[in-house]
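Scroll down for the structure; my scribbles are underneath it.
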């Protein structure tokens, strides 16, 4: 029997080297690369053995750029997951360069790429910037934290295989540096789908699409360094002003005079008929309540964005809002059940891409794949005429001008104008009266996915495939602000009620909130595990709802930046969200053809006997929900297509 050529005292690392040498000599280079990554589970390699593929200083810069550019070019399905690896590679490349006694190259590397990680890891980036020489890596706490603790990342098998394939193909370009850093300092957890208690490698692609449905499996272990505080929490604690926009004294005086006349008219009719027509509070009382609410939040009210002078039509519009609020329903578990007034477009052959209702519930607009926009208006002059008038014919008109499919439409608060955005890269402002284009806005260099008027109608925002959102006003053809920070398509936008902030949802799985006055990010929410498909701000300005392509809905408290509640019911992408005007109900709908009403007083930590947060589930006749909108009177309008 042949004697073994290896002594029993050989260490695990020596055996690993022997296996790697054997694989290299036999030509199994891909297997070699995978082994280098997967042996990371045995623990950190001692410093004296960390000599494999050290690389020249310049190679660190080249290979980091190579990795970053490769990730940017991957499919959107994998990009958000692969981007997680860039930060720990950045940190350890910087520390390596310091330990190589090349502080000049280390500082160049750090300053060149730090901006990519400032938002999510700002605290640690600022701490790492204090390192100047090799001895700092051994002495300063933040460096030792990263060197002695592995950075945890959760990958699916297909994502991991893509990374390994890239590293294998680029070993001649220096990817061995990345392989070494992954092996020594990064703990990649491979999560596989479970099928009857067993792994099923044949469903990997399906699992990528449904990854968020297995959320508990994937995120059961926190990513990053265990026990190290999440830097995003500190970033999201910066002060923001969520108060509502106060009314000028002149406007309040004019409003009160008008409302007193209307209240006296109602009282006179009540006396004549010997009954109460309006049991609700009168309009002056409602205005006083609203003033008090605004005054309570005065310290949180932002400086007013510049707006055109208030006109009489603006005051009339505000009066109509108060009248709607006066007659609004009270919804909830112990109050009135919600109702849905559904408008369905039949036999569209998937031609309807988007829809929007007017603020007064008198008209809606459709954006279509044939590049046209269709307007449907009620001939009824009463309040919210689209509610309860199913047998009434609607007036239809078409707007023609775009050259590619239309993906977003929005109707101004006073329904004078319609905005549309298209794959052709342009946004158009249309006149409702003349049915013609007033302004054509150019700025994006890619398809535009969404557009929305601000609550005051003068400003609007767009979201685009070029990874930016932009702020515009109706009077200028060039953007006022460009919001840059997302790492993938910006898919949806939603204004805060005070118009000082804008929320954006992206295919990079994050939701951001921007200050429209400065163009800077003030909040980042990254709890979704698939592209964000819908957003909605609550009427009080304190909550933001976001939904993703997996059907998961999250509601965020904007003051604390904490997740208020999470809802799981939809089986596919959610296209539309809407808060009731009393901020107690959230309605959602999408491709699974269901309309769901959620109780916002619910909390995730169910107590004994507490019911489900789902108040009602309405099923359609297999029609896709394109848009949902609560009216000012808390009725729900919906538009679907088949």
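Residue positions begin at 1 at the first shown residue.
Just so it is clear, glycine is given a Cβ too, placed from its N, Cα and C backbone atoms.
As recorded in Swiss-Prot, the features of this protein are as follows:
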DOMAIN    11-43  domain 'LisH'
REPEAT    347-386  repeat 'WD 1'
REPEAT    401-440  repeat 'WD 2'
REPEAT    443-482  repeat 'WD 3'
REPEAT    485-526  repeat 'WD 4'
REPEAT    528-566  repeat 'WD 5'
REPEAT    569-608  repeat 'WD 6'
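For the repeat 'WD 4' (485-526), DSSP puts the residue distribution at 0 helix, 22 strand, 20 coil.
Same-chain residues lying 6 or more positions outside the repeat 'WD 6' (569-608) and placing a CB less than 8 Å from one of its CB atoms are 325, 328, 330-333, 338, 340, 342, 533-540, 542-543, 545-553, 555, 614-620, 622-630, 632, 634, 636, 638, 640.
Counting only same-chain residues 6+ beyond the ends of the repeat 'WD 4' (485-526), those with a CB under 8 A from a CB of the stretch are 72, 76, 79-80, 83, 119-120, 232, 235-236, 238, 240-245, 301-303, 305, 449-456, 459, 461-465, 467-469, 471, 532-537, 539-541, 544, 546, 548, 554, 556, 558, 561, 563. Proximity of distant same-chain residues to the repeat 'WD 1' (347-386), defined by a Cβ-Cβ separation under 8 Å and at least 6 residues beyond the stretch ends, is recorded for 320, 323-324, 327, 341, 392-400, 402-411, 413-415, 418, 420, 422, 424, 430, 432, 435, 626-627, 629, 631-633, 635, 637, 639, 641-642. When averaged over the repeat 'WD 3' (443-482), pLDDT in the model lands at 95.
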